[in-house]
Amino acid sequence: MGWGICIALLLCLCGSALSRPLELQQFFDSPSGGETIERCSPEGLPGDDIIGSIMKMNKGRTRLLQHGDVANRMRRSAIRCAGQNCYWLKSADGLVNVPYTLPSEYTIQDRAALEAAMLEFSTLTCVRFVPHTHERDFLNIISDSGCWSFQGRRGGGGQDLSLQRDGCLSHGIIQHELNHALGFVHEHTRSDRDSYVKIFWNNIQPEYKDSFIKMDTDNQGLDYDYDSVMHYGRYSYSIDSQLPTIQPIPNGLIPIGQKNGLSSLDVAKINRLYNCSMCSSVLSGFSGTFSSASNPSYYPNHHNCSWLIRIPFNQVLLKFSAFAVQSTTGCTADYIRVYDGASRSSPLLLDRACGSKQLPSLVASSNVMLVEFVTDAAVSASGFKASYNTVTCGGTMTMRSGNFSSPGYTTHENYPPFSDCTWTMIAPVGFKVQLNVFNVVVEYSSPCQYDFIEIRDGMMPTSPLLETKCGTGDIPTVTSSQNALLLHFYSDSSNESTGFQAEYSFVPAF
């Protein structure tokens, strides 16, 4: 396959899919054969994957590890799990609390990274990582040499889990090691893997061939997950950076080894293994669509669901193409909430929306957004359908005051060509939005058709137009008639300039 064909295939490639818990414990295949295929890696450079990152940190380790990052229990064999003894216990309230301690050398930033990774488990599953108090069994998180964990709950007190400060505290690595502690193995070792991947035994470093041996696993009736945070990369433990050790089949170009975090099937796995009553999923592509259950038919009662949108980079843009939810005063029955972050403690972008009104486009401040849909016991409707995408600019502003600027302004650079940015300022009911736009330097044309700023009286692109600006100078203070304003900035293919600055505040309507 030539590079031209390879690149064309990569551009249209999309992959998805899980990893397995640990009711494993019997090896039943042996290495044989080997093959070289032409390198055409969707993941980028060899080693640029979850296991590649862990391998670098664990190189030269003194502790004996299995499968690259699983701590050995005195002997090189898989852990035996009789009954549920290797899983963390579920309490009467339906939650699985996993106590942990942290090392004193962790900085505030280190702790924030760890807590953010743990928070996704709380948002999407019934697992809660909680600070250790008096519990007998707990995770003793340390900054030892490398990234590794025991598999499942050991029992008998604290068990070490190493997340070295200078390389193991990325979001995906933290969740990978925590998933080991919950009882999950690497995805490529599950019992049915031969239907989904080919192992090139002759390409594997001899001392690491045990890491590719298939296990007798309980796959919980869930699909194989190429997108799992527990999946090895294409070149993991290869004797040569040009030779793959794992290839998806039948489509050899499916990406494997992502290090962004839990996949949707990782979440489903945890919820099934620990019998969590949760409706939740992860949306991790650059774009996609999702909807309420049964849409466009009526959604069921008592059906609360969450979608964590975590795109690879930039900001999340969310648009609703259909919306019909039971209408009540204050939206106290059925409603949608959208959060600017990964948890229900994140700032709200949209609070308790119901009825059949058109909803505004929402832009997160980062690559993560959480959508929550709650229903009660009576009266349903067709629900919603939404799409998400990635954008490099814009925002949904719900704080009482704030500021923003065109792309590049804060770094003293011109805005890029083909900028298409929308900032929506939404005040509480009973307030108006007051906006000042100043230091405007935008390509001039008459009328303003190439690069321009538009301000609209409302939260929709079709709301009444209040102001259009190009050229230079300030825009006089603009005040909304209701509780929202929208600023849209657009640039064409040429003649970029410095752009603009803006400040807004919410003021009483009367």
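The backbone N, Cα and C atoms fix where each Cβ goes, and this holds for glycine too.
Heads up, TrEMBL stuff is auto-annotated, nobody curated it.
Marked as signal peptide by TrEMBL: 1-19.
On the 0 to 100 pLDDT scale, the domain 'Peptidase M12A' (77-277) averages 93 in this prediction. What TrEMBL lists as domain 'Peptidase M12A' is 77-277.
What TrEMBL records for His176, His180, His186 is Zn(2+) binding site. The secondary structure of His176 (Zn(2+) binding site), as reduced to three states from DSSP, is helical.
Annotation for Glu177 (active site): spatial neighbours Asp69, Cys147, Trp148, Ser149, Leu161, Ser162, Leu163, Cys168, criterion Cβ-Cβ under 8 Å with sequence separation of six or more. Under the heading active site, TrEMBL lists Glu177.
For 279-391 (among others), the entry in TrEMBL reads domain 'CUB'. Taken through DSSP, the domain 'CUB' (279-391) splits into 3 helix, 55 strand, 55 coil.
Annotation comment: TrEMBL describes 393-507 (among others) as domain 'CUB'.
Cβ neighbour counts within 10 Å, taken over all protein chains shown, single out His176 as the most crowded of the binding-site residues His176, His180, His186.
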